[in-house]
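Below: one structure, written as structure tokens.
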Amino acid sequence: MYTFFKAFSYAWSGIVHALKNERNFKFHLLATIIVVLAGLLTGLSSIEWFIIIILIGGMLSLEMMNSAVERVVDLTTTEQRPLAKQAKDLAAGAVLIYAIVSAVIGLILFVPKWFN
Ligand SMILES: Nc1ncnc2c1ncn2[C@@H]1O[C@H](COP(=O)(O)OP(=O)(O)OP(=O)(O)O)[C@@H](O)[C@H]1O
């Protein structure tokens with residue numbers, strides 16, 4: 001049980017670090033607040049909230065994984081290396097794909113309600 005709480009506290013400190021230091025994470029958090037407010041004002045069904053919550057959780061988690069990849073790459077080399085570039089660009093590409101998919105799903109959910 002002690003080990004579990006220790007692991008939890010390390011994970012929590014990762015989230016606090018992202019909140020304090022990661023510019024992109026803060027941007028996604030701002031986007032989250034805007035989407036939640038828009039959802040409250042628009043009025044979403046349970047299943048629509050379920051979808052939005054999964055997208056938000058996935059986006060914030062993926063952004064943190066991207067930051068972790070950047071850190072690990074920077075730890076391995078300070079030189080310009082093709083593999084380092086690939087690793088960072090692949091991780092950033094994963095975030096971009098998820099962001100585009102989330103935006104498209106968001107538009108599919110919100111736009112028909114706004115113009116109904
Ligand atoms: N060691 C390296 N070797 C080769 N290319 C690199 C290396 N480090 C970074 N790059 C390239 O430069 C880009 C920017 O790198 P940087 O470390 O600033 O990441 P970033 O994505 O801008 O980070 P942040 O999200 O914190 O702004 C990377 O996406 C990658 O294409």
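Each Cβ is built from the backbone N, Cα and C atoms, and glycine gets one as well.
Positions annotated as active site, proton acceptor by TrEMBL: GLU63. The secondary structure of GLU63 (active site, proton acceptor), as reduced to three states from DSSP, is helical.
What TrEMBL records for ALA7, PHE8, SER9, TYR10, ALA11, TRP12, GLU63 is substrate binding site. Shown in sequence order, the list is empty: the chain has no residue 6+ apart in sequence with a C-beta less than 8 angstroms from the C-beta of TYR10 (substrate binding site).
Of all Cβ atoms in the protein chains displayed, 11 besides its own lie within 10 Å of the Cβ of ASP89 (ATP binding site). In the three-state DSSP scheme, ASP89 (ATP binding site) is classed as helix. Residues or ranges marked as ATP binding site in TrEMBL: TYR10, GLU22, GLU70, LYS88, ASP89.
Marked as transmembrane segment by TrEMBL: 27-44 (among others). Within its own chain, the transmembrane segment (27-44) is flanked in space by residues 19, 52, 56, 59-60, 63, 106, 109-110, 113-114, which lie at least six positions past its ends and keep a Cβ under 8 Å from the stretch.
Nonlocal intrachain contacts for the transmembrane segment (90-111), taken as residues 6+ away from its ends with a CB within less than 8 angstroms of a stretch CB, comprise 24, 35, 38, 42, 44, 48, 51-52, 55, 58-59, 62-63, 65-66, 69-70. If you look up TrEMBL, you'll see 90-111 (among others) marked as transmembrane segment.
Taking the Cα of TRP12 (substrate binding site) as the reference point, the closest of the recorded positions GLU63, LYS88, ASP89 is GLU63.
Within 10 Å of GLU63 (active site, proton acceptor), judged by CA to CA distance, lie the following binding-site residues from the set SER9, GLU22, LYS88: GLU22. Residues LYS88, taken from the recorded positions ALA7, GLU22, GLU63, LYS88, are distinguished by a CB atom under 6 angstroms from ligand 1. Pairwise Cα distances among TYR10, GLU22, GLU70, LYS88, ASP89, the recorded ATP-binding residues, top out at 27 Å. It is 25 Å from the Cα atom of ALA11 (substrate binding site) to that of ASP89 (ATP binding site).
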